[in-house]
Amino acid sequence: MKVLNGYDYAVLVVYMTILIGIGIYFARYMKGAGDYFKAANKLTWWVAGFSSFMAAFSAWMFTGGAGIVYRNGLSGMVTLGLPGVAIFTGYLLFARLWRRSRVTTIMEYLEERFNLPTHQIASWSYVPVYILYSGAALYSLAIFVSTALKMDITLIIWVCGIVILIYTLLGGLWAVSVNDTIQFMVLLPVCLLMVPLSLVAAGGLGSLINNAPPQYFEVPSHGLPWHYMLAYLLILIHGQNTNPIAQRYFSVRNEAESRKVSLLCSGLFLVGIFFWAVPPMAARVLYPDLGAMLALPNPDEGSYVVIALHILPHGLIGLLVAAMFAASLSSLDSIYNLLAGIVSKDIYQRIFHRGLSDKGLLRVGQISTLAIGLLVIGLSLLMVKYGAGAFSVMMKISSLTIAPLATPMLLGFIYRKAPSWACLFSFICSALTALIFAFYLPLGNYLDSLGPWVDFTVSSFTIVAVGVVCFMISPYLFKSNEKDRERIRIFYKNLDTPVDESTEIKAAEIDRTSIAGFIGKVAMLMGCLVGLFVFIPGTLQERLTDLALAAVLFGFGLCLVIFRKK
């Protein structure tokens, strides 16, 4: 099995430099908080769509997700495609409503629809939870890559953490979204290239099917039954419509474009999962005992990387590692920008400095981004030193205050009779239910004894059901005061009013820049750089592989440049 060499490290350095350069480029367009947190509602729908996909497609798909497919086969692939179904509900309903809400942050919606206490409790809850989550995500990526690819874990944390911090700090949502699009262009061809190479290594599709374990291509499977898939889909519908993807919905020009964002993101998941799942399946046939090859707690999670190290030439190995980093960077940069918006607008401006100017809010947002980025790096380094056990407990407790919030948040768009206290009432009841399932061990042990994933399924459906019931009965228990009723009336009036671009979206310097042309030129540059891989010592097949990938990147960029001119 190959290890990274100097060529691969050079690829990583160049790749990270390009990401930072994009952040520097878009820094010139950050004139106010609207530019920084929602791209002044000028985010191109396809850029927002690619960015949404990358925000949802974390490096976990290469590790834990690959392990699920490696163990469960077709059932694992179907399970990992469920986010596409969940995101499609945004196309059907929530994308349009988020855009018409005309908010700058997700938390701002909670005050407009409900009240200030709900807004503040949610804001103060989200920030520490997602900082903990980001620290754990960076730590998980670092510990996996350091073990599988023999890289220093501290170096990985510092490099990834600083690169994300620089371009997010400088360029705001524009830099985040454009970098996500660039990273998609790296991820896609590498993953597509892995499919035929994996099949060839496994002896072809027929050989893969014939040599796979029994029931490997059955849906559902014993490890992933139907009830688990349905519960997982229910959770995803909540999460994928209230996480950073929602930020992309209200950062484009109008409702039609917000729906296109959802449709593109959903389609990429539903189609892409078929290509992405092939390498772990091939690895199951080629390397049935990964435990003997990798010193990981869960060796199955190394399936994608192991087969890649066997079939990819040097240079492309570096690009694969860059793609793994890209997947993590794209989920973390979205969280950084989202949290900075909550800290600056929903907490600092709303409570401590209501008269803060738009320029001042931008500066607070940038300071918040810096603080969040450094905290995430610090938490990851602490996890390296002390282990993640204590932090896992903290995350478990904290997450119980976040997951139950999604149900009333989405219902607030739909159920107009709910009073201003409905969200908080539903949230508290759901959170208490979640606490019972999480910490009342006899109940958990009993549900576990009934079969795999029964505990997860029962707890998920019960927590959501409690939240829905409490929200629906809230009009009979609480009444809004006159001020809240008037604010809620205005909120629904906005939901019923289509966005008028001519009056609601202001001219800005970014209007003179062709985003398609800029991304196209970066893609063409990357295609040329990948073309240089042919000079790396290797076989003819490896050089042809390099040229094929270079042609895909260059061709994609050329199409964007031509599109820009038209």
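Keep in mind that glycine also has a Cβ here, set from the backbone N, Cα and C atoms.
Any TrEMBL annotation is an automated prediction that lacks curation.
TrEMBL lists 6-27 (among others) with the feature transmembrane segment. Here the transmembrane segment (6-27) has Cβ contacts under 8 Å with residues 159, 163, 166-172, 174-175, 178-179, 182-183, 186, 314-315, 317-319, 321-322, 325, 329, 518, 522, 525-526, 529, 533, 536 of the same chain, all six or more residues outside its ends.
For the transmembrane segment (130-149), the residues of the chain that approach it from at least six positions outside its boundaries are 3-4, 58-60, 63, 156-157, 160-161, 294-296, 301-302, 305-306, 309, 321, 324-325, 328, 331-332, 335-336, 338-339, 372, 375-380, 382-384, 388, 391-392, 394-395, 398-399, judged by C-beta separation under 8 angstroms. Per TrEMBL, transmembrane segment is recorded for 130-149 (among others).
Same-chain neighbours of the transmembrane segment (155-177): 16, 19-20, 22-27, 29-30, 35-39, 43, 47-48, 50-51, 138-139, 141-142, 145-146, 247-248, 251, 325, 328-329, 332-334, 336-337, 365-366, 369-370, 373-374, 376-377, 380-381, 384, 510, counting only residues six or more beyond its ends whose CB sits under 8 Å from a CB of the stretch. Per TrEMBL, the feature transmembrane segment maps to 155-177 (among others).
Residues annotated as transmembrane segment in TrEMBL: 184-205 (among others). Under 8 Å from some Cβ of the transmembrane segment (184-205) lie the Cβ atoms of residues 15, 50, 53-54, 57, 211, 272, 275-276, 278-279, 281-283, 285-286, 307-308, 310-312, 316, 319-320, 322-323, 326-327, 330, 523, 526, 545, 548-549, 552-553, 556-557, all in the same chain and six or more residues away from its ends.
Residues 56, 78-79, 82-83, 85-87, 89-90, 94, 403, 406-407, 410, 451-454, 456-457, 460-461, 464 of the same chain lie 6+ residues outside the transmembrane segment (225-241) yet bring a C-beta within less than 8 angstroms of a C-beta in it. For 225-241 (among others), the entry in TrEMBL reads transmembrane segment.
Long-range Cβ contacts of the transmembrane segment (261-282) within its own chain (Cβ-Cβ under 8 Å, at least 6 residues beyond either end) map to 45-46, 48-50, 52-53, 56-57, 61, 66-67, 69-70, 73, 76-77, 80-81, 83-85, 87-88, 90-91, 94-95, 188, 191-192, 194-195, 198-199, 201-202, 208, 212, 216, 245, 248-249, 252, 303-304, 307-308. Positions annotated as transmembrane segment by TrEMBL: 261-282 (among others).
Within its own chain, the transmembrane segment (360-384) is flanked in space by residues 30-33, 35-37, 131-132, 134-136, 138-139, 142-143, 153-154, 157-158, 161-162, 164-165, 168-169, 172, 332, 336-337, 339-341, 343-345, 348-349, 353, 391, which lie at least six positions past its ends and keep a Cβ under 8 Å from the stretch. Look at TrEMBL and you will find 360-384 (among others) tagged as transmembrane segment.
Residues or ranges marked as transmembrane segment by TrEMBL: 390-414 (among others).
The feature transmembrane segment is assigned by TrEMBL to 421-441 (among others).
Among the features that TrEMBL reports, transmembrane segment is placed at 453-478 (among others). The list of residues near the transmembrane segment (453-478) in space but at least 6 beyond its ends in sequence, with Cβ under 8 angstroms from a Cβ of it, reads 224-225, 227-228, 230-232, 234-235, 238, 403-404, 407-408, 411, 415, 417-423, 425-427, 429-430, 433-434, 437, 444, 447.
Long-range contacts of the transmembrane segment (515-535) within the same chain, counting only residues at least 6 positions beyond its ends with a Cβ under 8 Å from a Cβ of the stretch, are 7, 14, 18, 22, 25, 44, 47, 178, 181-182, 185-186, 313, 315-316, 319, 543, 546-547, 549-561, 563-565. Per TrEMBL, the feature transmembrane segment maps to 515-535 (among others).
TrEMBL lists 547-563 (among others) with the feature transmembrane segment.
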| said: Cβ under 8 Å, sequence separation of at least 6 from the ends of the transmembrane segment (547-563): give me the contacting residues as numbers and ranges. | reply: 185-186, 189-190, 192-193, 316, 319, 516-517, 519-528, 530-531, 533-534
